[in-house]
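Okay, so here's the structure we're looking at.
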Amino acid sequence: MRKMLAAVSRVLAGAAQKPASRVLVASRNFANDATFEIKKCDLHRLEEGPPVTTVLTREDGLKYYRMMQTVRRMELKADQLYKQKIIRGFCHLCDGQEACCVGLEAGINPTDHLITAYRAHGFTFNRGHAVRAILAELTGRRGGCAKGKGGSMHMYAKNFYGGNGIVGAQVPLGAGIALACKYNGKDEVCLTLYGDGAANQGQIFEAYNMAALWKLPCIFICENNRYGMGTSVERAAASTDYYKRGDFIPGLRVDGMDILCVREATKFAAAYCRSGKGPILMELQTYRYHGHSMSDPGVSYRTREEIQEVRSKSDPIMLLKDRMVNSNLASVEELKEIDVEVRKEIEDAAQFATADPEPPLEELGYHIYSSDPPFEVRGANQWIKFKSVS
């Protein structure tokens with residue numbers, strides 16, 4: 001009896017040292033999973049599409065919430081650092097579009113491939129880079145994911161090919177990656193992303209044709225955030241049904257503000273490609289809260305009321321949060337704890353990104369050759385020999 005009382009006393013003493021919210025979360029019984037209805041996708045040249053119900057586990061829900069919050073807070077910190085002139089040059093933020101980058105990653109395998117345009121910070125994080133490496137890249141430091149030489153538009157990770165600065169230029173490259181997957185006999189797909197503004201580029205239609213001709217495992221994905229720079233889709237495109245643009249390629253129009261919709265559509269599209277049927281096209285209807293880039297205030301071609309309406313009615317993070325709380329997958333207190341942890345991670349990363357040294361000037365010529373060339377290469381400074389991977 002004494003031993004039992006002593007054990008109870010130790011447990012109570014330990015609980016007393018923890019915040020009340022943590023004790024409450026630890027003692028509460030949560031559901032392991034829940035089933036949700038999701039919006040039906042519009043289909044093109046498909047007899048059936050992704051399911052309209054899906055199961056979300058508590059583990060996955062917490063993971064998705066943390067990932068989306070991290071991307072959101074990272075982008076807001078980048079905005080702050082840019083306004084302090086610590087980050088310079090081009091910078092395109094993706095806050096508001098978190099369900100796209102996290103949902104796409106949730107629907108594929110780590111061995112699958114992804115290439116996108118210049119709004120790439122979220123994808124870089126989801127493909128495996130730490131926040132500190134991304135922010136350090138934005139500030140041009142040695143600890144950046146491209147060693148401080150790529151900046152906002154040119155970040156890379158394993159099976160992630162950027163970050164590309166030329167509008168639409170990544171789409172033929174994505175088709176080429178899909179060709180490599182098929183040529184090497186690998187059960188892999190390539191997610192090839194572009195925006196609604198780039199959707200009118202001629203090279204995209206050329207890539208459609210080759211991918212369909214050779215039945216490449218390529219998922220063409222149009223992130224339709226309604227505006228190409230400052231031009232609304234209605235003013236730029238004769239048809240805004242981007243999921244039908246492939247004509248002879250099947251297509252899906254997906255609610256890009258709902259991570260579960262994006263996840264299920266991506267799984268469906270990946271399975272279609274892996275079955276050997278060829279490419280498929282996805283249009284993700286989403287919205288960016290910031291302007292096109294940091295030089296764009298974002299309110300000259302749309303109203304503040306429009307932005308606020310999307311924030312209040314369709315925010316991807318709030319949608320997931322409400323689902324999890326209302327279905328007993330998580331508590332408000334638990335999600336607030338994640339928010340606190342994410343904010344600390346972002347602040348620590350920002351400190352690293354401002355304190356880490358810049359790369360030395362001679363490193364400008366590094367990483368041009370895959371291996372050290374057998375001859376001396378002279379650049380602007382004839383006494384510096386360019387190196388490769390060092």
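Including glycine, each Cβ sits where the backbone N, Cα and C put it.
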Same thiamine diphosphate site per Swiss-Prot - residue from HIS44, HIS292 joining TYR118, ARG119, GLY165, VAL167, ASP196, GLY197, ALA198, ASN225:
HIS292
Check the candidates SER300, SER312 against Swiss-Prot and report the one noted as phosphoserine.
SER300
Going by Swiss-Prot, point out which residue in SER232, SER239, SER327 is annotated as phosphoserine.
SER232
Looking at SER293, SER314, which is the one Swiss-Prot tags with phosphoserine?
SER293
By CA distance, which of the recorded positions (HIS92, ALA198, ASN225, LYS267) lies nearest to HIS292 (thiamine diphosphate binding site)?
HIS92
Looking only at LYS267, LYS277, the modified residues on record, which one has the least crowded Cβ, with the fewest other Cβ atoms within 10 Å?
LYS277
Run through LYS267, LYS277, TYR301 for me and report the modified residues whose CA is within 10 Å of the CA of ASP196 (pyruvate binding site), in sequence order.
none
Residue among recorded positions HIS92, TYR118, LYS267 with Cα closest to the Cα of LYS63 (N6-acetyllysine):
LYS267
If you compare CA-to-CA distances from LYS244 (N6-acetyllysine) to each of the binding-site residues TYR118, ARG119, ASN225, which comes out shortest?
ASN225
